[in-house]
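A.B. asks: Sending over a structure as structure tokens; questions will come in a sec.
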Amino acid sequence: MTEQKEQTKPTKPLTLSTTTRAGAAPAKSAGDTQVRQKFSHGRTRVVAVEVKKPVKRPGAPNAPAAAAPAAAPAAAPAAPGGGRTLKLGGGGATTARPMPSRSSNDARSGGAVLRTLTEEEKESRARALVDANRDAEQARQRAAQEAARRAIEDEARRKAEEEHKKRLAAEEARKKAEEEVKRKADALVQKRLDQAATASPQAPIARQAEEINPGAAPQAAAPAASAPAAPVRRPPGAPTGGQSADALRRPPMRPAIVNKRLPQPPGARREAPKRRSDKVDVGRAVEGENDFRSRSAAQMRRRLERDRRREHASEPQQKVYREVTIPETITVQELAQRMSERSADVVKTLMRMGVMATINQAIDPDTAELVVTEMGHRPKRVAEGDVETALTESVDAPETMLPRPPVVTIMGHVDHGKTSLLDALRATDVAAHEAGGITQHIGAYQVTLPSGQKITFLDTPGHEAFTAMRARGAKVTDIVVLVVAADDGVMPQTKEAIAHSKAAGVPIIIAINKMDKAGADPNRVRTELLQDEIQVEQLGGDVQSIEVSATKKMNLDKLEEAILLQSEVLELKANPDRAADGVVVEAQLDPGRGSVATVLVQRGTLKVGDVLVAGAVWGRVRRLVDDRGNAVDSAGPAFPVEILGLDGTPQAGDEFHVMESEARAREVADFRARRDRQAQLARAAGGRGTLEEMIKGIREGTAKELPVLIKADVQGSAEALAGALTRLSTEKVATRVIYSGVGGISEADITLAKASGALIIGFNVRANPQAREIAKRDKIDIRYYSIIYKVTEDIQQLMVGLLDPTYKETFLGNAQIREVFRITKVGNVAGCMVTEGNVKRGAKVRLLRDNVVIHEGTLKTLRRFKEEVREVQHGFECGMAFENYDDIKVGDVIECFDVEAVQPTL
Ligand SMILES: Nc1nc2c(ncn2[C@@H]2O[C@H](COP(=O)(O)OP(=O)(O)OP(=O)(O)O)[C@@H](O)[C@H]2O)c(=O)[nH]1
């Protein structure tokens with residue numbers, strides 16, 4: 001445009017030709033020149049101008065433009081594109097423009113004259129100029145458009161990048177927020193599940209809901225504040241103002257849940273209340289949905305159980321290997337339960353091991369151990385006796401111990417006045433009712449002294465047969481009062497009582513009785529006691545001795561004082577405030593009252609209603625009766641009482657324990673019953689004495705046994721009989737008591753006697769009709785007695801009858817073999833010379849070779865000169881042959897002897 005203006009200036013005729021082509025290089029040819037082109041805004045450009053020769057037109061051969069190219073001072077710039085060169089006239093076709101000064105000068109100096117352009121040329125040049133201008137303008141516009149387009153694109157790209165960065169940041173923030181919420185929600189859910197698992201069914205659900213919800217609302221607000229780009233769950237139809245394009249593009253994560261706390265837009269469609277889901281999820285925790293208050297505990301439990309089952313169902317079953325306790329006997333079913341295996345699998349395992357057993361069948365512990373190992377578990381063998389362990393382990397604290405009465409046992413030789421003394425002490429005459437004049441029942445009594453102090457007495461009889469019971473009595477006894485008759489002195493059973501007392505570590509008080517008698521000599525008694533290392537106070541020792549008379553009730557108070565003094569030294573104490581335990585002193589089957597046990601409480605207090613186990617029986621205490629026959633509610637330490645309510649008759653000497661439950665008592669009683677039964681079976685199978693004794697008896701073939709089964713009216717009698725019969729045993733023949741018990745003779749007793757080949761002794765009891773019938777059928781001998789020494793007499797005779805007659809050997813003579821004859825159908829016959837005594841036909845013979853017995857038998861034949869003879873005397877020859885024996889040699893000696901039977905003695 002500027003150029004157009006310049007061109008139109010009348011004072012400045014155009015002499016240059018221009019080109020709009022950018023990048024045109026200046027011409028280097030000799031004829032080229034450079035001109036500066038001016039543009040708007042002061043921009044300039046240097047262009048090269050090439051001078052061309054004038055164009056010759058047809059019909060104008062002398063055209064000056066073509067004839068004087070060098071004279072033309074102005075040259076049009078080279079046109080790289082078209083290469084067209086223009087020469088412009090000063091005034092165009094209509095206006096005669098003066099030539100530029102330089103051109104004028106050149107023209108003047110050179111003499112070249114520019115010719116005037118023709119109209120055609122002018123027109124052509126003008127057209128070319130217009131074209132050039134138009135092209136330049138178009139190029140410039142295109143460049144401007146291109147630049148604008150690029151700028152727009154750059155701007156768009158920059159904006160896109162910014163948006164992308166923003167989106168990434170927003171996404172990151174949203175993720176962080178969600179993770180945080182999820183973590184908190186999971187923690188809360190876990191906490192709630194744990195509480196639900198441990199809480200009682202009545203656990204307040206509202207509390208559980210509180211634990212879930214308070215954290216949920218702030219958690220929901222936090223991501224919204226920190227991450228604006230995070231998707232906000234809104235109800236359908238709610239305004240979405242503020243939602244970014246990213247948020248819109250993002251796929252929905254989960255169905256939106258209506259938040260009751262969020263403001264509902266007017267007209268927003270309320271969703272129909274959904275069926276309440278009990279699933280605790282992150283969404284609910286985030287949204288703070290609080291519907292736990294209405295959820296029941298049962299529902300929670302069901303859900304937990306369901307989840308647990310699902311877990312277990314999805315997981316592969318992991319086998320749990322257990323430590324399996326194996327008692328001495330166990331049924332297949334019980335073993336399966338302890339291993340948590342199916343009973344059928346255990347039976348199969350047993351079958352593979354070659355053991356055929358049903359699930360109710362008991363198997364021995366070795367087999368059970370193999371099964372347990374086979375099934376991959378760890379066996380643990382325990383003795384059944386472990387069930388008893390806890391019974392004896394408890395120890396009372398010292399502060400709980402209170403003083404208790406002493407327990408005194410009266411011991412002494414038979415008829416030295418034990419019962420009379422006790423009678424005198426408690427003013428009760430028991431001796432008059434005793435069968436056979438012998439005390440056969442162990443009684444326990446408590447005496448209250450005028451001072452209020454109490455002494456408990458155990459009355460043990462003095463007969464030798466009762467030694468075993470007396471020994472047991474010493475175990476529960478604090479003090480032994482040894483009764484020695486002043487007129488009789490120390491006797492064998494006195495010595496035995498001393499030995500038992502010492503063995504039990506029980507202090508002794510000597511009661512020198514029958515001081516009223518004429519021949520009473522207490523000093524002799526004291527002196528005799530020294531032989532048994534009993535040194536009384538009068539002789540400088542520490543054993544108290546009191547001179548008393550039971551019948552005259554003399555010095556009984558002194559005896560009681562001595563007992564109390566001794567008990568003070570012993571500091572006898574027990575804890576009365578605990579479950580009772582103690583010892584059964586006596587037990588019997590009372591026809592009217594059932595099993596009655598006299599017990600001595602040692603610790604604690606026994607009460608009516610207590611469950612106790614005594615030996616192999618158990619029961620609930622129905623009634624307690626004291627020694628005077630009065631019913632009492634409880635019995636403290638050292639108090640003897642009769643117990644009613646046991647399911648059987650325990651053994652005298654059994655310990656009793658009050659148990660926490662019937663089940664526990666039954667368990668212990670069952671174990672003991674099994675143990676006793678096994679022990680009895682073992683005894684019935686021949687277990688008696690030491691192993692050495694048994695082997696010796698078998699080897700010698702001399703041991704004889706008389707199996708006996710004893711049934712008595714009371715335990716004391718049964719024990720006494722068993723002891724008495726056992727004492728009858730000698731080296732030659734022994735009595736073996738396979739069972740001793742209380743009660744009538746039953747079918748079970750007959751069965752046991754038959755299995756053992758035993759004799760049944762009924763002491764003050766009879767067999768029931770059925771038992772009598774079976775005994776008759778099976779030829780079992782039942783003998784009834786009411787006096788112990790009658791039993792011992794009879795048994796002694798039976799034992800003698802059992803003995804084989806002994807045989808006495810008598811030497812007859814020797815014969816030496818001089819020759820051996822081989823006789824067909826007879827065998828070897830020895831030609832002998834009787835060298836000593838004589839030989840008899842039918843006598844026993846031994847064959848001695850080098851003084852060694854190589855055969856013992858009988859003679860088959862005894863001949864002299866082919867004649868059978870009865871006897872051959874010393875110095876004569878004879879022929880002898882052995883029964884079933886031929887190995888005889890010359891030089892052997894035949895010893896001949898007689899054997900005679902001898903009447904046996906015990
Ligand atoms: N003179 C006299 N006789 C007595 C005295 N004490 C006991 N007797 C008599 O001695 C005899 C035996 O008395 P028991 O009390 O039965 O003697 P025990 O030691 O209990 O006898 P067993 O029960 O058989 O062991 C009876 O006849 C009593 O009368 C006493 O102090 N003086």
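Each Cβ is built from the backbone N, Cα and C atoms, and glycine gets one as well.
This is the feature table in TrEMBL:
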- 1-320: region 'Disordered' (REGION)
- 10-20: compositional bias 'Low complexity' (COMPBIAS)
- 58-79: compositional bias 'Low complexity' (COMPBIAS)
- 80-93: compositional bias 'Gly residues' (COMPBIAS)
- 117-140: compositional bias 'Basic and acidic residues' (COMPBIAS)
- 147-194: compositional bias 'Basic and acidic residues' (COMPBIAS)
- 214-232: compositional bias 'Low complexity' (COMPBIAS)
- 268-294: compositional bias 'Basic and acidic residues' (COMPBIAS)
- 302-314: compositional bias 'Basic and acidic residues' (COMPBIAS)
- 403-573: domain 'Tr-type G' (DOMAIN)
- 412-419, 459-463, 513-516: GTP binding site (BINDING)
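Are these features on the surface or tucked inside, and what are their neighbours?
C.D. replies: Under DSSP, D415 (GTP binding site) is assigned to coil, being neither helix nor strand in the three-state scheme.
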A.B. asks: Just checking: which of the binding-site residues D415, K418, M515 have a C-beta under 6 Å from ligand 1?
C.D. replies: D415, K418
A.B. asks: Using all protein chains in view, find how many other C-beta atoms are within 10 Å of the C-beta of G412 (GTP binding site).
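C.D. replies: Within a 10 Å radius of the Cβ of G412 (GTP binding site) lie 27 other Cβ atoms.
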A.B. asks: Under 8 Å between C-beta atoms and at least six apart in sequence, can you list the same-chain neighbours of M515 (GTP binding site), or say none if there are none?
C.D. replies: A486, P522, E547, V548, S549, K552, M554, N555
A.B. asks: Summarise the model confidence on the domain 'Tr-type G' (403-573) as a single mean pLDDT, whole number.
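C.D. replies: Averaged over the domain 'Tr-type G' (403-573), per-residue pLDDT gives 79.
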